[in-house]
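Student: Taken from Swiss-Prot, the feature domain 'Radical SAM core' covers 50-278, and the record attributes it to sequence analysis. Among the features that Swiss-Prot reports, [4Fe-4S] cluster binding site is placed at CYS67, CYS71, CYS74, with the record citing sequence analysis. Among the features that Swiss-Prot reports, [2Fe-2S] cluster binding site is placed at CYS143, CYS203, with the record citing sequence analysis.
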Amino acid sequence: MTINPDDLCRRIMADPEACATEDEALRLLELPAEQTLPLIACAQRIRTAHAGPAFTCAIVNARSGRCPENCSFCAQSAHYATGAPEHPMLNTAALVEHALKLADAGADRFGIVTSGTRPAPRELETVCEAVVRIRARTHLSPCASLGQLSPQAAAMLRQAGLERYHHNLETARSFFASVCTTHDYDEDIYTVKLAREAGLAVCCGGILGLGESRAQRAELSGQIKRCRADSVPVNLLTPVAGTPLERMDPLPPFEALRTIAVFRFMHPQADILVAGGREHVLGEYRSWTFISGANGLMVGNYLTTAGRSTADDYTMLRHMGVLR
């Protein structure tokens, strides 16, 4: 059955609680190529009507490498010889120093990210101490991505003043076993649930281009919707030498932009943040992310790969009229 993106757009525009279903999302994803630009234009209208203001997010790789998980895309997995940087947990002072530099660069949000399945008690204390100091010394909204949480850990982070917890599902449940076999999909959903129950905003997304089907992209977006994500980060695979996906072909740029647009149809009011891989996949179309429905951008470096110049990103956003 065909679908008219403009009709669906009007329905969502008229009702802030309306959104595309998984079935509608798949039909949008399977529209012929000549419908891509009208689809993107509709996503832009939905973003303008329902999403929050544009924002930027920056991260620090607080503990790098030696992760016991075997995620097939990840440079930090101990299962693969990738040559990625390895270092133990940064101390509180170093985390605050990174935050100060990124605040000066203009970031709105700051994420503390660690490799590994879950944080050790002392690492959790370090993050909590850093969050307190970052809130006292900067305008940044502090976030953390530390792996799986316990109820006690989630409560500690919230008490310290953390605003948002990031935990990706990575891909659809039906494709997850092709990506990771060292933990179960439901463990990730449980961590997202614990973060929300602790009073934290939830940042939950995934990676496109792992070999999943369009139907599985719609499935992932539907699961994120059921997790009630406040922010949806969209990463685009950058193949890493030494990982099982090192020879994966990149998504075509307009396939990636079309998927971002469809995510906006499914998440009209959520923040949609385009993060890792945009330089590799989108190339000259990297400025199209906001036109395609996103309202957030990760700036600066990623976990193990260099990002675009922060100054260049802010210049691009100002020229687009997204930021002043």
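Placement of Cβ uses the backbone N, Cα and C atoms for every residue, glycine included.
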Student: Who sits close to CYS143 ([2Fe-2S] cluster binding site): which same-chain residues at least 6 apart have their Cβ under 8 Å from its Cβ?
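Tutor: Result: CYS57, ARG109, PHE110, GLY111, ILE112, LEU162, GLU163, ARG164, TYR165, HIS166, CYS203.
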Student: According to DSSP, collapsed to three classes, what secondary structure does CYS74 ([4Fe-4S] cluster binding site) have?
Tutor: coil
Student: Looking only at the domain 'Radical SAM core' (50-278), report the model's average pLDDT.
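Tutor: The average pLDDT of the model in the domain 'Radical SAM core' (50-278) works out to 97.
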Student: Excluding near sequence neighbours, so keeping only residues 6 or more apart in the same chain, what lies with its CB under 8 A of CYS71 ([4Fe-4S] cluster binding site)?
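Tutor: Within the chain, CYS71 ([4Fe-4S] cluster binding site) has Cβ neighbours under 8 Å at SER77, GLU170, VAL179, CYS180.
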Student: List the residues of the same chain that sit at least 6 positions away from CYS67 ([4Fe-4S] cluster binding site) in sequence and have their Cβ under 8 Å from its Cβ, in sequence order, or write 'none'.
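Tutor: Those within reach of CYS67 ([4Fe-4S] cluster binding site), by Cβ under 8 Å and sequence separation of 6 or more, are CYS74, GLN76, SER77, ALA78, SER115, GLY116, THR117.
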Student: Whose Cβ, among the binding-site residues CYS74, CYS203, has more other Cβ atoms within 10 Å than any of the rest?
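Tutor: Compared across CYS74, CYS203, the most Cβ atoms within 10 Å surround CYS203.
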